[in-house]
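Features reported for this protein in Swiss-Prot:
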type: BINDING; residues: 81, 82, 83, 84, 103; note: substrate binding site
type: BINDING; residues: 104; note: divalent metal cation binding site
């Protein structure tokens, strides 16, 4: 897969390239989007059981970007559904990582959009706009810093300060 951010490098290969200093997320997310492999520049939002702020962010054009959503690991309400995921896809986002729940998983699973989340819950979240944007969020032993780079695939998530160039093949 290639996009405006260059060639995707599988996370296992990134670990081999980077070595012991790798920033690999320990949290075991479920792949719920139609794209398992996705990557891009990180934008963050911290919100608890409220998705109005993240919806407005995904409504902004961000070709190849990845929104990291820290919902404090709550599975009580869904932060992303098919409408919000479709909004992100339509504005060029590569995908989302949700430290929380989503809903409409069957529809999201058919979208050309990356989505990793802890699980699902059909319950809607509130819509007050509470939350913080572009702050460092931390989970799974990794700090997700706005402007840094995220690679996600079926093996997990790796975060780097900048995109990694694939080594030349022999």
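Any Cβ shown, glycine's included, is placed from N, Cα and C.
Structural mapping of features recorded in Swiss-Prot.
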| residue | record | contacts (Cβ under 8 Å, 6+ apart) |
| --- | --- | --- |
| 81 | substrate binding site | 102, 103, 104, 108, 124 |
| 82 | substrate binding site | 103, 104, 107, 108, 111 |
| 83 | substrate binding site | 104 |
| 84 | substrate binding site | 51, 54, 55, 58 |
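A simple way to gauge crowding: the CB of residue 103 (substrate binding site) has 22 other CB atoms within 10 angstroms, across all the protein chains here.
A simple way to gauge crowding: the CB of the residue listed as 'divalent metal cation binding site' has 19 other CB atoms within 10 angstroms, across all the protein chains here. Whole-number maximum of the Cα to Cα distances across the substrate-binding residues 81, 82, 83, 84, 103: 10 angstrom.
Listed in chain order, the extra residues whose Cβ falls within 8 Å of the Cβ center of the substrate site residues 81, 82, 83, 84, 103 are 78, 80, 85, 86, 102, 104, 107, 108.
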